Structures are given as C-alpha cells and as structure tokens.
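Data block below; observations after.
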Amino acid sequence: MQRPYNFSAGPAAIPAEVLEQAAADMLDWHGCGMGVMEMSHRGKEFISIYEQAESDLRELLAVPEHFKILFMQGGGLAENAIVPMNLSRAATVDFVVTGSWSQNSQKEARKYASEVNVIASGKDSHFTTLPDPAYWQPSRGASYLHICTNETIHGVEFHELPDLKALGVDAPLVIDFSSHVASRPVDWSRVGLAFGGAQKNIGPAGLTIVVVREDLLGHALTICPSAFDYKIVAEHQSMYNTPPTWGIYMAGLTFQWLKRQREGEASGVAAMELRNIAKAQLLYNAIDQSGFYVNKVAANCRSRMNIPFFLHDESRNDAFLAGAKARGLLQLKGHKSVGGMRASLYNAMPLEGVQALVSYMREFEQQHA
Ligand SMILES: *Cc1c(COP(=O)(O)O)cnc(C)c1O
C-alpha cells in the first residue's frame, strides 16, 4: 500500500521503516515481554535504548565530546524560557529576529534577562531576507546571542552559521534548530547551545533535544526549575525526571534509519543534505518557472525544509488544496499567519513526493491559468 505524501510542518512525516519497526516492537520489545512505553526508564532495556540513541545522535551530528546531549521535555517554546533561565545570568542577551520563531524567543527571554536587544531584524523585508552578520550590532558583554537557524513559518534558513568569533563577539551562539535538525551537518565550533523539538525531523512530539557546551552549564537562575537546569539534567544523564521514553526510542529508530541512508559517497546527515538540496531545488525551480505560483524569499536564504508559496490568484487556494488531497498530497495549507501554501520537505519526504507535488502543481496551473 502506498502511503500519501505528508507535507506537514510538524508534527510531521516519519519514515515508514521507522513506523513499521515501532509497530512490530509495540507489544514486545526484543523479546523482553514489554513494550517500550511500559518499561522503567531505569531498567537495563531502556538504558540500552537511551545509550544507543545518544551515541547515534552524537555520531550523526558529529557532536564533540565537550558538548552534552540532553533529552528533555517541553518543546521549543519551553526552551525559549529554559535557555535564558540557564544562560542569561539575568544580564543582557542578544537576538537576531528573522521570522516568527525568533520573534517569539526574544519576547519570552524578556522575563528572565535584564535586557534583550534585537541586534538585527529581517522585518523590513517582511522576513524574506536574512540580515547580513557583518552589519549586526552585538551588545557588549551579552550572555549569548540567539538565532533561529530555520524559520519554519517564513521559510528562511541560515545556510551557514555566523562565525561570532570572526565578528569579534565572545558570547556563545544559541541556535533554535527545531525544524532542520539532522537535515545537514552542524559546525559545532560556532555553536554554544542548540535546541530543537523532535516533531519536525526526528520523531514524535514530546522530546526536546538540547546540545550544550559543557562550560555553559552551572549558571542557572535560582528560579529555574530543577528539571530544566541543564547541569542537573546532564549530571543525571537526562534522567533527573522521567524522560520522554517513547520519544527517545522513536528518535533512536530514526537515527538508525539516518545512518543507513546513502547518497553516492555520502551517508547519514551528509547524504540527507544532498537529498534535501535536490528536493528543495526541484520545488523552487517549479515555483520560479511558473507565472502561477510565487515564493518571495531571497535565493540565498531559502529554506530547504519549509517552502511557503502562494497562488497569484488566491481565490483558487481551496481548489488547489482539495485537488492535492485527492492525489494523496496532504497538509499543504500555509501557516495561518502567512496564508497560502507551505510544503515541508523534511528528511522523511522522498524525492518522489516532491516530484508528485510538482507535477500536480503543473497540472493545476494548466487547468486554471
Ligand atoms: C515548531 C518550532 C518550535 C516550537 O516547538 P514546540 O514543540 O511547539 O514548543 C520552536 N522553534 C521552531 C523553529 C519551530 O519550528
């Protein structure tokens, strides 16, 4: 049976092989007589699942030894508070606002930092461009600088992480990589902390991944809940409280799936990056070559994961969505704050899904142009 292609921005498609494995393990994981959701998080079965997932993620993303990987709860929005509670030292923090998510993040940080400076913004271009790091105006002595490296709603992505050291900035870089984690390699030499919810590109909602440089631990504000204090979470191998065991298990299956992926000489996340570039290029080309659809994001910062696009004639939106659904192309409706359409092309979306979308778009255009 061919499953439909699911273009949801999140929670999003999960590779069928991963879902099949989870279904097979549901009642009895590896002959132990229990499903994963029924296991103690401190039992040897779950500890082995946890350790494998952690080491696979470390390998896939080439996370250096001096970074801790934390499996937490709360999602990206909770991290908007947890990061300043842990890293702000109640002092000044800097934000670059490039769309809805970084906008949310800087608002939340105001509860915890003494001063929040938006040191650059893409607002003047309606978030269709990224402000050039050469013109950012970092605050002196800021505790950290936050960016969202892929704006899920506006469809802008940093294709290269800013090199703060080269800009003369000592503050660690915090990245919200919720919606493109594991879609491409990460240059950890430029990062202090990365966080992301799992439900876009890793697995089910409920798991949040935090990768944090060790020297940033141990500065939490006293109001920070213990379960959200990175140092405490790290000291307990993410088991200070009960971690999201099902999410960790599902993420682990996805990491195994990622490790099996090959694209020419490349494997794992490097293979995904090649595939993601090809998938995004196919859709952007189809949009750009038509007079019927439009994407306004500047070419050098177009997201490979989330591609918003509009019909010039918006009165045809409902017909477009209904026709797509009838062809098994699901969840293409744009975010309510932006409108139009949005195709999310996470790792689990095969090239064939994008080809099916593009051929439907051409057909719809021919019928209605
Ligand atoms: C989805 C998303 C979030 C929010 O995640 P929640 O799990 O809903 O809290 C934060 N940042 C980005 C970039 C996202 O795409």
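Cβ coordinates come from backbone N, Cα and C, glycine included.
Nobody curates TrEMBL annotations by hand; they come from automatic prediction.
Marked as domain 'Aminotransferase class V' by TrEMBL: 5-357.
Marked as L-glutamate binding site by TrEMBL: ARG42. Taking the Cβ of ARG42 (L-glutamate binding site) as reference, residues of its chain lying under 8 Å away and at least six apart in sequence are, in sequence order, MET239.
The secondary structure of THR242 (pyridoxal 5'-phosphate binding site), as reduced to three states from DSSP, is coil rather than helix or strand. Residues annotated as pyridoxal 5'-phosphate binding site in TrEMBL: TRP101, THR152, ASP176, GLN199, ASN241, THR242.
The secondary structure of LYS200 (N6-(pyridoxal phosphate)lysine), as reduced to three states from DSSP, is coil rather than helix or strand. Applying an 8 A CB threshold to same-chain residues 6+ apart, the list for LYS200 (N6-(pyridoxal phosphate)lysine) reads ALA9, GLY10, PRO11, ALA12, THR152, SER178, SER179, HIS180, VAL181, MET305, SER344, TYR346. Sequence annotations record features per position, and here TrEMBL assigns N6-(pyridoxal phosphate)lysine to LYS200.
Among the binding-site residues listed (ARG42, ASN241, THR242), none has a CB atom closer than 6 Å to any atom of ligand 1. Counting every protein chain shown, 12 other Cβ atoms lie within 10 Å of the Cβ of THR242 (pyridoxal 5'-phosphate binding site).
Each of the binding-site residues THR152, GLN199, ASN241 was ranked by the number of other C-beta atoms within 10 Å, and first place falls to THR152. In three-state terms derived from DSSP, ASP176 (pyridoxal 5'-phosphate binding site) belongs to an extended strand segment. Among the record's pyridoxal 5'-phosphate binders, TRP101, THR152, ASP176, GLN199, ASN241, THR242, no two C-alpha atoms are more than 30 Å apart, and one pair sits at exactly that spread.
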